[in-house]
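The next block holds one structure in the form of structure tokens; read it before the comments.
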Amino acid sequence: MATTEPSVEQLETKTAKLKLENTTKRDTLIELEKKYQQKWQEEKAFEVDAPLEDVPIDELRKKYPKFFGNMPYPYMNGALHLGHAFTLSKVEFTTAFERLNGKRVLFPMGFHCTGMPICASADRLSREIEMFGPSFDVPEEKEEEVEVEVKTPNAREDVTKHSGKKSKAAAKTAAVKYQFQIMESLGVPRTEIHKFADAKYWLSYFPPLCQRDCTEFGLGIDWRRSFITTDVNPYYDSFVRWQVNHLHDSGKIKFGERYTVYSIKDGQPCMDHDRKSGEGVGPQEYTGIKMEVLEFPEAARKALQSIDLSNKKVCMIAATLRPETMYGQTNCYVGPNITYGIYESNVPNELFICTRRAANNMAYQKLSKERGVVSELGTIKGQDLIGALVNAPLSVHKQVYVLPMETVLATKGTGVVTSVPSDSPDDFATLTELRKKAEFYHLNPEWMKYEAVPIIRTPSYGDMCAEFLCKKLKIQSPKDVKQLAQAKELAYKECFYQGTMIIGKYSGEKVETAKPKVRKELIDQGLAFVYNEPEGQVISRSGDDCIVALCDQWFLDYGEASWKAVTEKALDRLNTFSPEVRNGFLKTLDWLSQWACARSYGLGTRLPWDPQFLVESLTDSTIYMAYYTICHLLHSDVYGKVPGALNIKPEQMTPEVWDHVFRQAPKPKNTSISDEALARLCREFQYFYPFDIRASGKDLVPNHLTFCLYTHTAIFDEKYWPKGIRANGHLLMNGEKMSKSTGNFMTLHEATKKFGADATRLALADAGDTVDDANFEEALANSAILRLYTQEAWCKEMMENLDNLRTGPYNFHDKVFENEINQLIESSREAFSATLFKAALKSCFYDLQNARDWYREVTADRKMHRDLVCRWIETQVLLLATFAPHWSEHIWLTTLKKPQSIHVSGRFPQVSSPVNTALSNSLLYIRTLSRVIREAEAAQLKRQKKGKGMLFDPSKPKRLTVFVAEKFPEWQAQYVALLQKYYNESENKFDDKAIISSVDKKEMKRAMPFIQQFKQSVINRGEHVSANSIFSRELGFNELEVLREVKPYLVRNVGIQELRIVLLQKPADKSSAAIGLVESGSDAGATVEIAPNFANTVPGQPTFLFENVSA
């Protein structure tokens, strides 16, 4: 297998934006990474099995806790990119953390090959070989490439269905270029590309590259448990056949006609994984209204004169989502610039007028003369149809006219729109415009004579909601597109959910119940039919613009009431790690129904009971996580060609054996597998299953991940249902969408080559943790290289020079540092446990190093303590092992001289003692002091320039006096009590009216600034700070003692000759100034008067005075 390896220079030209100037440090780190990757491979560091002790599983797990993490196996039609790595990192970080907690961690990965993408690409290559030969010698005139963007409209416009927005990173673009050029962009030499015309060659080429890239990335994967999907692997093939047989036998898989997105070119349904664009788009069901043409205008008669329309019923077909509004039709709209066709329908002597696109859909929905055949008799411009007289089914106005509408789309619906201006803001705005400018549009006013008819009564918008909303939103014309879109959504929701019919036989009924009845009536009377088309544009992997077809097919009956109920139960028990993901599941369960589970083209497993079909790729990938637990015992290679440790042959894995292993059925009577082997299979499954976390992109919630829940509930006992599913957002790069065409793109292999594995991992950890778009910053990855290199050198230097460090009892700064280490251990543990890796990285890397730097600075005059330096290094190594395992392993073994790998003997660090709040508060106080002192100096100089305050020259030797207080002014206590009385903790709000009315008017000037400041301190307090702790006004430490301890540091840091501390003893009153005692300074013990501007000092908020002193 050969790949074209770019040089470092080529890599930096090809990928993203950042060019590395000096790579010595990076190269050193990469050299270490290669060393330890080889070591882990030789030591089989990540290979893990269930314990062999013969005790019940629950006892076994208690004695040997386990953790099983995984992600959807990547598709093998290319190299992994940073988006894959981002999701992989979520599993990697979680499992690495659990390994440090002493658990037996299983992290496997398979290779997905099922479906049509590989076959479609192979077929394209075959055609290109026919065109250009195996060397792909393209004539110069054909070399030009054209880039087009495929835009997918918002998925579902019907508000009765779930809809989701695509993020910035999710928008897909399709490049019109040759497949062999795509292969070259993947690093495949042109001389080898012809081999990929054989679909199965892909299966041998990309899996090894995937494993290489993951290994270079430092992932802790048990590669023994890898496999490829499809019938190429007979063991996995047997597993999938067992799975679908169970679903079929239990009635979960059914056969029948259903509407599905379909590729005419491929001749089969086009499921999510078969699409180049339009993932998540499904069929949109309309009611096709037959508006029989009663009289054509002169222009239309001329255009159609070559077509024999005698004895023919010609119907303009209007597709509507709101059949209940047909009572109020006043006219019909066409796009004047759209070309319409006249097509033979499935009814003899009946012709349809609609767009060609709609006719393509109808031809595969039993609405044409012959399935799959569009019988077009002729075409006509929309302009020529204006003025036609048509029948309006159910309408109060039986016969209406055709009018122009510029906003009618040829790519949506049928191109014909029936107008109901009472309830459609678009229709109302257009009709109003046409009436105003009838002469301009060359329209006969007679064509617009019908007034809007009240159809639906709504509580918010009355009986004519379209007119109401157009006035409310100040819509002046059809060109107010934004406001009309808003009005349309508001009208639809209000009418459907709150509206009541006020006309017709269903008058008095809620719209929700009347809508299907009106629709049925129209269809039963032959006035309408069911019509489907894709909700948005769907482009297949083969480049086909897909339609919706009515197909006889095997489908999974997702949404069936009892199955849905038990799946909802599984969701209730599932840890989704965020409310957005749970809501995504709930919405999917609301709309998800029948899903085609078979196809006729592609790679995969044959349906056991109907082998002409293959199991589709979102069906064979729902419970394979269970297969991970035992596959290393079945086969020793990913293709299943070599039997595994138990020497079991594929044909021995009968349905009864699978049942015994996965469903605890009785031991098969006729199996040739030994009892010991069966017991081993059962033990591996029962010990590791269910999985604890499955990380995935959020785009899989509406399909794969929900299917995963459904299938688990159908096949497994409750105790084996999934425990956790974590979804992440898409990954941007340098703040922009990843795109090969712009160069803002990077494969995983390129990233580890450019930055090294550990630096790449750190940048991915920092990228983000929510379901929103995350961002990989190259600059951060680059800075991580320097940080790791520098820290390694510092750790080595310290451990080699321990004798130069201080020993003996801990002083104040030692205790504060030790406490901060403990605090960061706890915050890191909390973040890791919640899979909040950006927060974990901040605590265990940035904050921990800042803590060390601070400690080094405050102890500069007395040196750091030897024991604490050693503890910090070991803590840093263990905490960072999750993110930077190679770096940590190196220091663990070579600097700390540990005898075993960190993956074997390393454990998440424990606190040396509970976190001391007083020490934490002291540290926060100290770190704030330097900043506040500098601000005070600047403020004093500013006042001095205005002629206020004591003269002071900052360039000369200076003394700083710090004024502190032990008690709050007595007058403030009553207002603190008042604020506490009128504080609502659940809403984090104060009753301002009650507070103001309780304050004496004479006290307003003094009280209100204090009240406002105190309110803000309560409202804006930290997440882990209670309101009571603010109201208590307790510092939690002795301010005077802390100041004494940090005095040497402040003298150095602030650059002063002397630090003087004055304690406020007696507050000022009307007859005398405030009095203070000098606690520290050249005049210690003296009693001094305190100037008024310093007399308002309160505990925790000292005030400062700078003075010049003689050198």
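From the backbone N, Cα and C atoms, a Cβ is placed for every residue, glycine too.
Going by Swiss-Prot, these are the annotated features:
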| type | residues | note |
| --- | --- | --- |
| MOTIF | 74-84 | motif ''HIGH' region' |
| MOD_RES | SER460 | phosphoserine |
| MOTIF | 737-741 | motif ''KMSKS' region' |
| BINDING | LYS740 | ATP binding site |
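Distance between Cα atoms for SER460 (phosphoserine) and LYS740 (ATP binding site): 50 Å, as a whole number.
Taking all protein chains in view, 15 other C-beta atoms sit within 10 angstroms of the C-beta of LYS740 (ATP binding site). Taking all protein chains in view, 14 other C-beta atoms sit within 10 angstroms of the C-beta of SER460 (phosphoserine). Here the motif ''HIGH' region' (74-84) has, by DSSP, the following mix of helix, strand and coil residues: 3 helix, 2 strand, 6 coil.
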